[in-house]
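Following: one structure in structure tokens, then a few remarks.
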Amino acid sequence: MNSRLQKNMWGYFFIGPFIIGFLSFTIIPMVASLYFSFTKYDLFTAPQWIGIENYKKMFSDDPRYFQSLKVTFIYVLGGVPLRLSFALLVAMLLNAGSRAVGLYRTMYYLPSLIGGSVAVAIMWRNIFGDEGIVNLALQALGLDGIRWFGDPGAALWMLIFLSVWQFGSSMLIFLAGLKSIPQSYYEAASVDGGNYFQKFVNITLPMLSPVLLFNIIMQTIAAFMTFVPAFIISKGTGGPLDGTLLYSLYLFKQGFEYFNMGYASAMAWVMLLIVAFFTGIIFLTSKYWVHYESEGR
Amino acid sequence: MSSAKPRYFIYHIVVGGFAVLLLYPVIWLLVSSFKESEDIFVTAGSLIPNPFTTLNYAQGWEGFGGYNFGIFIKNTVIFVVWMLAGHLISCSLIAFGFARLNFFGRGFWFAIMLVTLMLPYEVVMIPQYIIFSHLGWLNSLKPLVVPAFFGHPFFIFLLVQFIRTIPRELDEAATIDGANTFQIFYKVILPLIVPALATTAIFTFYWTWDNLLGPVLYLNSPEKYTVSMALNMFLSNETVSNWGAMFAMSIVTLVPVFVIFFIFQRYVVEGISTSGLKG
């Protein structure tokens, strides 16, 4: 009996920091955030209960909110599939080659390594400028340069390209997944006369599906929360014409520029629900496409 | 035999060429930082700075408001050191608890931890700010570094996975020798998880070095700015003439990231491949 108590005490001694941190930096703030979401609060005067006004305003009386939702959905639904497809394609290319792959792996990973920095956002801003190298390249190909900062749609694609450019970390995960697929599966398929496409659909994709599931979920959540590139590239405005007003940026502006803490809290809760909804959908559909090896292996 | 060589050649042209294309913007940034500011967009297509100048670095280093870039780097290093201490101590303790000890509620708390892994920061951002402002912690590093001493789900998960690969016989042998639970952690497990701690340290460094939202929220006097905030300031003060200085300081902030990567490449690649850490 005594030893069982002792075991529990040791357990909570070690994970104690996590529990304390979870309560003080996650649970209490979340409860507070839920409360603030039903109030009008500017940080300087006491919060004022206004019921569901914030939520009502969001969906009926705030065109910028809809704009930020739209922009964020395009960013997530455009960026994540492109980024993961690139990651998978390059991982398969690297997996097929034998020599010098280490060097290539490093080169492809580097954009991911530095991609979250302000320096890279500044760089991106400048290569897409009117006289930047992207337009120079387009002109060299005989195309017209694009005014990336003049058109809200183009500006958003500039952000999506930045996210796709950083496919390296997903590529590393896929590469590790590809290496763990037994070569004998492919050999057996070859004997049966399977072509590249059949091998990809029947062996590579199913074997890789657990890794794919993990990546889709983590990348989708991360994409919904993207802040730095939109903040830097638009110089904090979300412009042009709110074309890069990602959800996080609008939330930040509502909270810390206009001091609508209640409204921003309500936005945060809606975001949580959206992310939970998407994660749930991905999990639910996963049983139809994710293949787990049987325990016996 | 005869077809192998051209295929290799094409493979390297395609894969290598694409890699160079991807890195071209970074190379362009580096080269541009050595061009005279007014030349950068005039000769944007050229990778040879003519004339070659290091003036941008001298100008950029001066910073703004009387605070030079050395101060911003020092601030960031202090920030990194606190985050390292916080993550390494707390995550190794917590991970040991989850991976090795049997106690009531372990499964529950572990599940909670995995859920917090997916929780958007935005949900706690505003109330945390309000709480920290009531504590009088604004304009200090405290709101940023204190939470680090209570663990980070990514690194706890990484370390738990790593500890699980260590044979339990080692713990049992130490118990027979009279070691208590803390001694098993400190003397048996801790020395064996150094590689995973290295991964934790490297990614803590990257995320802290690049962190912009945290410092933007909590630091408001220039003498406390981190490098990412200083770069942001450069951008907001952008005038046509100081692109060069801004590029030069961008390069300065990227150098430590590259250096750490090339020294510890193995831990970075393994950390991502095995745990799915986002780099």
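Glycine is no exception: its Cβ is also placed from the backbone N, Cα and C atoms.
Curation does not apply to TrEMBL; its annotations are automatic.
What TrEMBL lists as domain 'ABC transmembrane type-1' is A:69-282.
According to TrEMBL, the transmembrane segment annotation covers A:12-36 (among others).
Within its own chain, the transmembrane segment (A:73-94) is flanked in space by residues 101, 104-105, 108, 156-157, 159-160, 163-164, 166-168, 170-175, 177-178, 200, 204, 208, 212, 215-216, 219-220, 223-224, 226, 246, which lie at least six positions past its ends and keep a Cβ under 8 Å from the stretch. If you look up TrEMBL, you'll see A:73-94 (among others) marked as transmembrane segment.
As annotated by TrEMBL, transmembrane segment applies to A:106-124 (among others).
Feature annotation from TrEMBL assigns transmembrane segment to A:154-178 (among others). Here the transmembrane segment (A:154-178) has long-range neighbours at 71, 74-75, 78-79, 82-84, 86-88, 90-92, 94-95, 105, 108-113, 115, 120-121, 124, 128, 146-148, 204, 207-208, 211-212, 214-215, 219, 223, 226, 229-230, 233-234, 239-240, 243-244, 246, meaning same-chain residues at least 6 beyond its ends whose C-beta is under 8 angstroms from one of its own.
Sequence annotations record features per position, and here TrEMBL assigns transmembrane segment to A:212-233 (among others).
Proximity of distant same-chain residues to the transmembrane segment (A:266-290), defined by a Cβ-Cβ separation under 8 Å and at least 6 residues beyond the stretch ends, is recorded for 33-34, 37-38, 54-55, 58, 65, 209-210, 212-213, 216-217, 220-221, 224, 247, 250-251, 254. If you look up TrEMBL, you'll see A:266-290 (among others) marked as transmembrane segment.
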